[in-house]
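Asks: This is the structure I have questions about; it appears just below.
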């Protein structure tokens, strides 16, 4: 059976063969181990896998782990299955192997009396939730499991509960709203506004299973508004009214203090069943068809389905499923004969794929099945979606693919006869894409050919935006990265850009003039190039010189019906990541005096004469003027500004590459180019007089006198002189239109004396901005078991735990010395306390920025004795039998799960086990169901009685709440229990406590909804609003003018010493056209990168009065004439423009697309550049 021992050097102990090992285990155990081993990809187990999957992550010292691995592997680098089986069974089941192993390796001596368990026995300690639910209801374990599968598909996955919205969706609009709402309240036993799975199972059992009188009695809860399980006179009156009970039959007995118990209603209902039949029938239909309960018999299924179909046949549902009439008739006959029905068979109405695009490319829509052409009403029946899903669960489907036909019921506008009908034949869309391969010559600037990408079967009522969203979801694209085109001819010109997202596909299909029976249409999904930002179709148009046609310009009902007749309403083709240029040009073009200047041929000739050397600025200006002329000629719907972009490339290296750039920088650069060429032109026409009069010494003397005069000159005079000098040196139309004046003051912080400097500006850059604060929400848990309260705080990013404790103490009224902060990850793991894990308290100096993302913060009240080692954190825990294949029972035989709120357990010198248990029970009384309610919708277990003992066991565990906190790791102990008696308890340092729940008590007495209940302090809403609320233009200007203390001291003439100064920037004078730059991009020093502030800035489109923020206001107001928006990130975002037309209408200018929008449709959220025009007071 075994071999002789070898030396410790290769760490191999005597083993048995794999064949011998099989005789010590059952066939089921062998299959389990074999299945668990098959999960390893390479057919063997390496050291890391051995530590995790076999040893279960237990904190065994490294040396012993290595020794065990060598024993299992026979000294090899990996473990084969035979070696695993023989070693595992030998150590767990064979006494001779165990004794020889221990003799050789004394450090494993504890395995002599208690060897590792190969298999964990299944007993009540590890009973599953399904078994508990089956035990207290009339449902089997399999029925509970099946219900859970359905519940997962209809509930809110984030919280695993049914809210009212999800409840209505599950019912599919097939029942009266009032009835659905009241039945929801019946299922919601704890009245928290949600139905958890336990409530669903128990209520379904009460309504649909067991003795009929009990089921009928539960129906009375529909009218039990106050949830006291009794019907008052008012509730009885409402019941009689809803059921249309005549007065002579209003005879429900009142057996409980003048009120009717549920059983009284049940007795009355059996005697007067004709009044309650409809309500009870609807409850059965909802329970079985909508919520997933399988009918007990074929007779019951036939009854439920017949009543449901009769109810739903005339309902105005928007969506139906199509089923073959033949199978439906067969189903009915089988159920009537008490035979098992065949699976759903729609082959009789299923169409072919011969001419379908689904046979060539993938389908991205939910369905791709086609119906046979020319079906008549007798070929099929329509059924509500909930019934179709129920049939799938109960009977399955004969066809593995293309078996489901979900169709919409549409208004008459979608059909030739203008009558509402079922859309039997949806549109089939073939989606083309650009070939991702390089062109034959290897360049990127050649138009790509179109190729079939995918298809979709969608309703005519679907809008362009909805179809585009479907495509972007499939490709995981962001906003602005894709758009749709209507294909007229593949790989030829004439495709139509679908820029009107509200347009439905029926309108597009009708515009093609195809016959009704075709039902096919080709669309192009254009995706922007990731690296260059180029739109392939705009590149095609640019190279070919062809026009791009947008659907909005062709729509008969569009107000912008003929953009070619409207000056300036022209799109600009983006063929090289030039959206920042296009947006800037469209905005700047709305400055009427500047545009009119360049439209005048004489002015352009003057610029050419004044810039004879034709410098870079002149070239850019001339090309800009040509571009404006083409835009205002309005002979084209869109223009490819090739020559202008070439001039930009030659003028500056800044914009040479095809990467994304800043629209504000481009506008500033373009204005500077325009100004330079205008200035040179003016200078050549009006040369300035010679300035060479006088000597250099005279000039120096004049300069000294000027400096002396500055000291006594008033700010008004200084500003006027500075402005006059600036105008004289920068004479141009750009200066007249765009230049304003700022005042920069340095204020002595000691004597308050100040000095001013005046500076010109052409755009006002305003901070939004990035606040150096983070938002924290902390749940304060009191020891008296009251409902926890959540507080909100905004703290600086360098705050520590101590700062958080301080503000929590002030808000909650708990002294700081009686608070501990605990951080729990989204997986229920408490954050490490300190490097040596000697304390349960997070260190005050720990930065809050170290908390993981999505973590929950708790502030727990400590007991009166608050010494460092006089309290412990307790966590709820459950041990559940592992039904999945595992290798070693001691480490993987059950699953350890943590849940719920952490608790604080006090440890004074005289603490006993009973005192610990009572302390935990006291803190949990809020979410424990204490009394057994005789009217509940389920049976009750003896453990629910408060006199049956504690429903949990307190165990000493390690800081991870996985293993024992005091036993050696080789014992594989999950936690030593604390006895609930009067004996004193010793709890080692760094040893928290686990609250191990008995399964039945956990599933029946622990109310998870109440445990999660939390009251919000007003500070939560207040801090949230402050943190995420939109800013305003006024607030941004105020931040712009906030004092900033300089780093270095400056000599003060009045103080006669160096003093600290505050620098204050204010607006002295505004220009005719004010460009405001909202600084969304700033450098984040903590993260070492540029970041974007996405906060919305509210600003007026009309009647903006800047007077409160201007030192010398003139009483004029401003009106917004254009704005450039940015979406996405700096390196891969997209710019668009909104601008006013000559007719004072707002236009959306998105590269080549131009569409008229209302003022309300102007998107302010992404505003980046604002262009305001002054409205002078007459």
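Backbone N, Cα and C atoms are what each Cβ position is placed from, and that goes for glycine too.
What Swiss-Prot records for this protein is below:
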type	residues	note
DOMAIN	28-60	domain 'EF-hand 1'
DOMAIN	175-210	domain 'EF-hand 2'
BINDING	188, 190, 192, 194, 199	Ca(2+) 1 binding site
DOMAIN	211-246	domain 'EF-hand 3'
BINDING	224, 226, 228, 235	Ca(2+) 2 binding site
DOMAIN	296-410	domain 'DUSP'
DOMAIN	570-1175	domain 'USP'
ACT_SITE	579	active site, nucleophile
REGION	681-725	region 'Disordered'
ACT_SITE	1134	active site, proton acceptor
Asks: DSSP-wise, what's the residue breakdown of the domain 'EF-hand 2' (175-210) into helix, strand and coil?
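Replies: DSSP classes over the domain 'EF-hand 2' (175-210) add up to 23 helix, 1 strand, 12 coil.
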Asks: Which one, 28-60, 296-410, 570-1175, has the most C-beta pairs under 8 Å toward the domain 'EF-hand 2' (175-210)?
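Replies: Most contacts with the domain 'EF-hand 2' (175-210): 570-1175.
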Asks: Distance check, please: Cα of residue 226 (Ca(2+) 2 binding site) against Cα of residue 190 (Ca(2+) 1 binding site), rounded to an integer number of angstrom.
Replies: 12
Asks: Distance check, please: Cα of residue 224 (Ca(2+) 2 binding site) against Cα of residue 190 (Ca(2+) 1 binding site), rounded to an integer number of angstrom.
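Replies: Computed Cα spacing between residue 224 (Ca(2+) 2 binding site) and residue 190 (Ca(2+) 1 binding site) is 13 Å.
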Asks: Return the count of C-beta atoms lying within 10 angstroms of the C-beta of residue 579 (active site, nucleophile), excluding that atom itself.
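Replies: A count of 27.
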Asks: Residue 199 (Ca(2+) 1 binding site): which of the recorded positions 228, 235, 1134 is the nearest Cα neighbour?
Replies: 228
Asks: Nearest to residue 579 (active site, nucleophile) by Cα, among 188, 194, 235 (binding-site residues)?
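Replies: Result for residue 579 (active site, nucleophile): the nearest of the binding-site residues is 194.
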Asks: Any idea what the Cα distance is from residue 235 (Ca(2+) 2 binding site) over to residue 188 (Ca(2+) 1 binding site), rounded to a whole Å?
Replies: 18
Asks: Among 211-246, 296-410, 570-1175, which stretch has the most Cβ pairs under 8 Å to the domain 'EF-hand 1' (28-60)?
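Replies: Out of the listed stretches, 570-1175 contacts the domain 'EF-hand 1' (28-60) most.
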Asks: Taking the Cβ of residue 188 (Ca(2+) 1 binding site) as reference, which residues of that chain separated by at least 6 in sequence fall under 8 Å from it?
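Replies: In sequence order, 194, 195, 199 meet the Cβ cut-off.
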Asks: Which one is it, among the recorded positions 190, 192, 1134, that lies nearest to residue 228 (Ca(2+) 2 binding site) by Cα separation?
Replies: 190
Asks: Measuring Cα to Cα, tell me the gap between residue 190 (Ca(2+) 1 binding site) and the residue listed as 'active site, proton acceptor' in whole angstrom.
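Replies: That comes out at 50 Å between the alpha carbons.
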Asks: Around the Ca(2+) 2 site recorded as 224, 226, 228, 235, what other same-chain residues have a C-beta within 8 angstroms of the site's C-beta center?
Replies: 223, 225, 227, 229, 230, 231, 232
